[in-house]
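Taken from Swiss-Prot as is:
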type	residues	note
BINDING	F215, T216, R217, N218, H219, C264, D322, H361, R366, H377, V378, K379	Mo-molybdopterin binding site
DOMAIN	82-161	domain 'Cytochrome b5 heme-binding'
MOD_RES	S123	phosphoserine
REGION	165-174	region 'Hinge'
REGION	175-401	region 'Moco domain'
TRANSIT	1-79	transit peptide
Amino acid sequence: MLLLHRAVVLRLQQACRLKSIPSRIYIQACSTNDSFRPQYPSLTFSGDNSSTRGWKVMGTLLGLGAVLAYQDHRCRAAQESTRIYTKEEVSSHTSPETGIWVALGSEVFDVTEFADLHPGGPSKLMLAAGGPLEPFWALYAVHNQSHVRELLAQYKVGELNPEDKVAPTVETSDPYADDPVRHPALKVNSQRPFNAEPPPELLTENYITPNPIFFTRNHLPVPNLDPDTYRLHIVGAPGGQSLSLSLDDLHNFPKYEITVTLQCAGNRRSEMTQVKEVKGLEWRTGAISTARWAGARLCDVLAKAGHQLCETEAHVCFEGLDSDPTGTAYGASIPLARAMDPEAGVLLAYEMNGQPLPRDHGFPVRVVVPGVVGARHVKWLGRVSVQPEESYSHWQRRDYKGFSPSVDWDTVDFDSAPSIQELPVQSAITEPRDGETVESGEVTIKGYAWSGGGRAVIRVDVSLDGGLTWQVAKLDGEEQRPRKAWAWRLWQLQAPVPAGQKELNIVCKAVDDGYNVQPDTVAPIWNLRGVLSNAWHRVHVFVAP
């Protein structure tokens, strides 16, 4: 049976007068609508010629059909290309039911029929649904080729309204009006201040997270700082000299590079809210990312200002240049012993993955503290000082602390708990997604694992039956020094699906080199701020019949 598009059948009937062609060919109009088929009865041809002649005729028809189909599409595309759509109209087409539309430059495309054919799978294409393709093509440069554009042209339905391409004017009274443009793939938890995470299917695509989809945690509006006038103030030690460092001054210090994973204390908080309500953003599994950072070592800069290790306890306090309308800036601190240890790798970073820091990630300078919770990696760094006590910032003293499940907002005493520094061992499943349908036969499971304090992940265990039986996943990633494992490990497991199984309860848990392991459930580690959420990660999927 030869299946041709309905439009091709019409054109073939018009151009070739199929009823008079000798051979035996059955042509059926292709349609997802069965009611269409009776309009095109079977066309049967017979004759005494050999099968060779029949195949020649079929080849001719196929070639002619392809040409006519292309010509028919070009005609339809030309007729529809004058249609003008607003950005709002495009954004309303985000599902197979409404149609999957995307925009590239000034053109609008309906890629609904192509979604299942997308080489990266429909889920990747759906990330761009209702919006522009450019940010995703920037991540996957292989798309920006002539044959890909030719393929995309087949799905053009119109043009984007020119007014939607004009940049909006900045409202100066809005403290967030000058925030940078963000990648549309990010899953937004808060617009003001901006907080967002990459979707899980993109998070573990690369060992090094691309800058545009690195998770973003902001507490205040993003400052727009001039690199030429920027100065970093380092308060000198008693008898030492305070420093006022420009970017060029920082570049004059020895440059160090280090791969570091940053994780928000609230990563996977959404799982704690399923136990009981907590205060905080509804982070899923994406408040974690990895980058290659470069800059001056904090210990070198502090030594230049006369600081050295002392026998009494001391803390290095950081103040950012982001502030609220009252002038209150974000602040945090780490122990002086960590800051002064060259092996700890604490950086005053000015590069991220070989590029100047993006604004959302601290341009022009931020602190990077390997193995420590993201809250201490102060961005837009403006001032560094050494104090006998930790920072008096709200975010150091009254936030980012863990408590017993029995503590509520009526009984909490923030002074009774230490500030979070190192984080516990963590892992999560990024593929497949919860609720997804997987093929029978074999399932591929992917995810990440990481532990704080430089502790290396030595094993990830995966279960398909909720934890009754386990298999060991394969670990990928850079080899790291013992107790200096600052970056995550990506992991993968290909496992057979048990015959007849209709559902899978997939679970993962990681073990670090201190043999710390994740707890099995959330309830015993629940706390009112929803931090330190590291129970076994669970994904429930269905198996295709």
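Backbone N, Cα and C atoms are what each Cβ position is placed from, and that goes for glycine too.
Just so it is clear, the model here is predicted, and its values are computed rather than measured.
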Once the DSSP letters are reduced so that anything not helix or strand counts as coil, what is D322 (Mo-molybdopterin binding site)? strand
Could you state the whole-number distance in Å separating the C-alpha atoms of H219 (Mo-molybdopterin binding site) and S123 (phosphoserine)? 31
Give me the non-local Cβ neighbours of R217 (Mo-molybdopterin binding site): same chain, 6+ apart in sequence, Cβ-Cβ under 8 Å, ordered along the sequence. N195, C264, A287, G374
The domain 'Cytochrome b5 heme-binding' (82-161) - residue tally per DSSP class, helix then strand then coil: 33 helix, 20 strand, 27 coil
Any same-chain residues 6+ apart from the residue listed as 'phosphoserine' with CB under 8 Å of its CB? Would you list them in sequence order, or say none? E201, R433
Pop the mean pLDDT for the domain 'Cytochrome b5 heme-binding' (82-161) in here, whole number is fine. 86
Within 10 Å of the Cβ of H219 (Mo-molybdopterin binding site), how many other Cβ atoms can you find? Include all protein chains, please. 16
Mind computing the max CA-CA distance among F215, T216, R217, N218, H219, C264, D322, H361, R366, H377, V378, K379, which the record assigns to Mo-molybdopterin binding, rounded to whole Å? 18
Near D322 (Mo-molybdopterin binding site), how many other Cβ atoms are within 10 Å of its Cβ? 21
